[in-house]
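What Swiss-Prot records for this protein:
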SIGNAL    1-15  signal peptide
TOPO_DOM  16-1234  topological domain 'Extracellular'
CARBOHYD  ASN95  N-linked glycosylation site
CARBOHYD  ASN234  N-linked glycosylation site
CARBOHYD  ASN261  N-linked glycosylation site
CARBOHYD  ASN377  N-linked glycosylation site
CARBOHYD  ASN468  N-linked glycosylation site
CARBOHYD  ASN643  N-linked glycosylation site
CARBOHYD  ASN659  N-linked glycosylation site
CARBOHYD  ASN890  N-linked glycosylation site
CARBOHYD  ASN992  N-linked glycosylation site
CARBOHYD  ASN1138  N-linked glycosylation site
CARBOHYD  ASN1204  N-linked glycosylation site
CARBOHYD  ASN1214  N-linked glycosylation site
TRANSMEM  1235-1255  transmembrane segment
TOPO_DOM  1256-1293  topological domain 'Cytoplasmic'
Amino acid sequence: MKLLLLNILLLCCLADKLNEFSADIDYYDLGIMSRGKNAGSWYHSYEHQYDVFYYLAMQPWRHFVWTTCTTTDGNKECYKYTINEDHNVKVEDINKTDIKQDFCQKEYAYPIEKYEVDWDNVPVDEQRIESVDINGKTCFKYAAKRPLAYVYLNTKMTYATKTEAYDVCRMDFIGGRSITFRSFNTENKAFIDQYNTNTTSKCLLKVYDNNVNTHLAIIFGITDSTVIKSLQENLSLLSQLKTVKGVTLYYLKDDTYFTVNITLDQLKYDTLVKYTAGTGQVDPLINIAKNDLATKVADKSKDKNANDKIKRGTMIVLMDTALGSEFNAETEFDRKNISVHTVVLNRNKDPKITRSALRLVSLGPHYHEFTGNDEVNATITALFKGIRANLTERCDRDKCSGFCDAMNRCTCPMCCENDCFYTSCDVETGSCIPWPKAKPKAKKECPATCVGSYECKDLEGCVVTKYNDTCQPKVKCMVPYCDNDKNLTEVCKQKANCEADQKPSSDGYCWSYTCDQTTGFCKKDKRGKEMCTGKTNNCQEYVCDSEQRCSVRDKVCVKTSPYIEMSCYVAKCNLNTGMCENRLSCDTYSSCGGDSTGSVCKCDSTTGNKCQCNKVKNGNYCNSKNHEICDYTGTTPQCKVSNCTEDLVRDGCLIKRCNETSKTTYWENVDCSNTKIEFAKDDKSETMCKQYYSTTCLNGKCVVQAVGDVSNVGCGYCSMGTDNIITYHDDCNSRKSQCGNFNGKCIKGNDNSYSCVFEKDKTSSKSDNDICAECSSLTCPADTTYRTYTYDSKTGTCKATVQPTPACSVCESGKFVEKCKDQKLERKVTLEDGKEYKYNIPKDCVNEQCIPRTYIDCLGNDDNFKSIYNFYLPCQAYVTATYHYSSLFNLTSYKLHLPQSEEFMKEADKEAYCTYEITTRECKTCSLIETREKVQEVDLCAEETKNGGVPFKCKNNNCIIDPNFDCQPIECKIQEIVITEKDGIKTTTCKNTTKTTCDTNNKRIEDARKAFIEGKEGIEQVECASTVCQNDNSCPIITDVEKCNQNTEVDYGCKAMTGECDGTTYLCKFVQLTDDPSLDSEHFRTKSGVELNNACLKYKCVESKGSDGKITHKWEIDTERSNANPKPRNPCETATCNQTTGETIYTKKTCTVSEEFPTITPNQGRCFYCQCSYLDGSSVLTMYGETDKEYYDLDACGNCRVWNQTDRTQQLNNHTECILAGEINNVGAIAAATTVAVVVVAVVVALIVVSIGLFKTYQLVSSAMKNAITITNENAEYVGADNEATNAATFNG
């Protein structure tokens, strides 16, 4: 019976950020799966009858299983191959009859599960096969064997009509759980064939061949003395990482950090023991290492050897305290090609330490936490494997929209999940596309509610796009709701969106929370009455109820994959670790010394699928059913009945004890008070050295160690030999002081004690500052303004008094120089009088960066703005002065004393300037006096009254004729009152005048434009404002910015409109065009053929003037700044420009013998390979050099002969007879030749003399002669190929 074999790899590891896809496998993604996600792909072979289901997202662990069936003479055989590309074997070495053979690296192998369709229970009538709609696609239900209940395929078939052309839609497990495949892969037989040819046939058993170069940064932040030695010893394992090009150590000492560069060979205990980490948070070290690694990775120096270029930075952080700041792993490390691996000593499993350390990592299995000395070896081994695997070459993460498969090809995930519509996978482009392609089928609809309108967004679901009135939340912690969502006219209500604690807060209490209407964040409201207490073991936890009461409950453990459907397994909490584990239900034994490490428990066909445990011979076991624990603290381990549930162990210098009353364990220190200290049998050793040594515990043993500075005791020093005997040595007279190089002198004190002092030479004229500056490690040690020293003759060292150094200072010629002091940006501005006024913007040192002052009063009465202040002094109330600053300024970084971005620093100076604008307030403004020398306050209504002869009043900042005036204007034409008297009776009438209410504003516009244009040539004048009569009375100035939008047909030369109207001159604003065509309109860019997306091309604006005086412009390529046609560095490479980055890409020219020399036979070509000549770039033949196994020469006809190097009578290639005329014999000449050139010349001479028409042979040797001469000219010492593998592979005959 033909079986459908579904081979699934159940992996649990971290995924590359590139491969993080939303989980789509309902059954296998019960948790976060170690922060990674499941993703994989199905493929089928139509001809060879195998199925492949392999996980790609777990790259670089490239691992999958093939099951293939073949039928020979009616006998069917199926073989299973487990393949891991990081560690393949030769295909011819595979024993196909051994189906249990697994030739992967064991450390990267994963459990395999086999699923089968139960064809006996599948209807033979296709019409009876049930169809099911799964994710918008019609699938068919098939019975399956345990642990499956059913499998759903997208093809209808029976056992008689089954086909290989199907996709899996879903798997239903016994118990109700299922795996749903939410997208479907395109069938692609070519992909499988290529994979089979290029991957399974790869025969190199080399772990590191696919690893990239890296630089290793190790940050020492673990100070616990009980584990330091083990760490230093085990870190030597990292020296096996062959692609590490350098190592840098980072560590704290007091308030200073230090770095040390070592080679990979020096990464061992003897080197690391010299450097001890000081206490403190390692945050600054991480930032320094990050910057150092980013610089190395970004270094693309053209003169650097390609074999030495760093592709990925690797940072190892050793820490035992929580970080002081948070890091964003993706932006700060991943995108800079830096992988961070953390090794955390967390004895008490403090969640704060775990949480802060996890913020550093995101790629691969990079987090390693341990609690004691006995876990160091396993932790560093896991670290080594994680680093090695992570150094595997990957696809370009910026170009690949999917992720990498085992051949570094870009493909897409199995789970192309989209919450809003159905998807399918396009394996050619590596992207997930909507399904069906023409009209994607919606997965979720989002109807409107009384809150507002909704739309579906991937990973978010239905989200509000537009709130109805009263529904917009006022602050973040409020959420709108309605009593009846379907009533679209109901008024929204607001409620707090704050959840109470489910677990106690860090202070140990349960809290409820309420919404803070001021900040928008949830704040603590009510605290529980009592602190959480009462836990007695690691398998208990605190929980909070709705009344903020705390209680203790046992941890509930749930079985995880692949154990869920395995009835023999149960989920148990490990009392030692507090972690849930999947264990066999009958396994109640734990080892306690003896010759075995555990009991043998099984649950399979051999035990009738029942759980059964057998003790191993010579094993010592404790049975938890009998309340037994193992006591390892004595001479030999032994089981004992105890109220405690944890084994009693030693961890370094700590011993775990049990309090039988409270049923809890506690730690106590190892007692070393009885350890004896031995001194040499002389008259000084014990007297001088006794106070400097004491007993202590180190790595679980009582040892004697120094407790003070034993290098300076009396007039000598103390040391402990390999026999642990302490001896005093008197060496004062041979010592030199650390500073000043003064001789030591032994003196006796008043208390009869001796000391070695280093008094200054009496003949020396140097001061303490001079002496100490030479041996100081401080920056700028000789600058006595900030550093003063005192020489201490007792120690021969110096004490320094350090004053705070100036901000933004550097050391030049031995002195601190302030780089930002008195720096100012010089600026000019043209004011209303048409004159240029100079002003200065000071620069300040902020966070060690010299930036323009962040706030400036542009009308300040100071030295920077004095002239502008005086100009506007008469009417400053009507002047709006604006300080323009870069939009890239980060206020948060500024307040947190962090540096600004590089982008900000590039534009900061250019973007800092002041602008001035005169405004009108209550019909008063600032205006030039008639002499145009200064400004004064002007009452516009008074001016109107004066000019018009009628009374004006201010209304809404517009001057209108007094509404009580009898003669109101008509269409803004002013009327005056005419009084006539006749017979003593006065009559009042209105008379038209030539004046209008627009006259004043028209004059303002005219004067402003005249002042702006005066004395300037080539000023573009496009008017964008005019006066408009409103309501017969008012005549304001109305601007029309539409006139300032660049008309595609109007050419203003190398100037372009900005779309803004100047509020003073009422003329359109222009920007000057120099070298940035993006500022110009698309019309003129297209006309000049500008390619904005081509970084290889730089442009310049060229202006011309026609005979009619019309100015036009065009964009020309700036040849000096462009990189359109880069030149190759030598004839054997081509040079092209990357249009995205503008950088030059150099590609080596390649050639093959069969293409360049088509008449050469494979046998002749066996001795030669093709390469490019650096003289002229032509293809030339090069003869192979000798190797350890092969020796090459030519016979008289030029035929290639390959000989066994150890037995030169044995020819390794096919022998070809050479037939030449009898009188020609140049074998002796060839044998005597010492270079390839001489050999070839001898052969050619023979052939020319004979002239027997052997054209192919002649072409071979004549070409070879040309090459030999070329090679000789280039390099007198001829170098052949490196190995016979290359020799055999490069000729393509």
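Yeah, the Cβs are placed from backbone N, Cα and C, and that goes for glycine too.
The structure displayed is predicted, hence computed values, not measured ones.
Comparing C-alpha positions, ASN261 (N-linked glycosylation site) sits nearest to ASN1204 among the glycosylation sites ASN468, ASN1204, ASN1214. Nearest in space to ASN643 (N-linked glycosylation site), taking C-alpha to C-alpha distance over the glycosylation sites ASN234, ASN468, ASN992, ASN1204, ASN1214, is ASN234. Note: the CA-CA distance between ASN659 (N-linked glycosylation site) and ASN377 (N-linked glycosylation site) rounds to 31 Å. Close to ASN234 (N-linked glycosylation site), meaning Cα to Cα within 10 A, are the following glycosylation sites out of ASN377, ASN890, ASN1204, ASN1214: ASN377. Checking Cα-Cα distances from ASN377 (N-linked glycosylation site) against the glycosylation sites (ASN468, ASN890, ASN992, ASN1138, ASN1204, ASN1214) with a 10 Å cut-off leaves nothing; none qualify.
Close to ASN468 (N-linked glycosylation site) in the fold, though at least 6 residues off in sequence, lie CYS450, VAL451, GLY452, LEU488, CYS492, each with a CB less than 8 Å from its CB.
The C-beta environment of ASN1204 (N-linked glycosylation site), restricted to residues of the same chain at least 6 apart in sequence and closer than 8 Å, consists of LYS1189, GLU1190, TYR1191, GLN1210, GLN1211, LEU1212. Taking only the Cα positions, the spacing between ASN1138 (N-linked glycosylation site) and ASN992 (N-linked glycosylation site) is 75 angstrom. Of all the Cβ atoms in the protein chains shown, 13 others lie within 10 Å of the Cβ of ASN1138 (N-linked glycosylation site). In the structure as shown, the Cβ atom of ASN659 (N-linked glycosylation site) sits within 10 Å of 11 other Cβ atoms.
Taking the Cα atom of each, ASN992 (N-linked glycosylation site) and ASN890 (N-linked glycosylation site) are about 62 angstrom apart.
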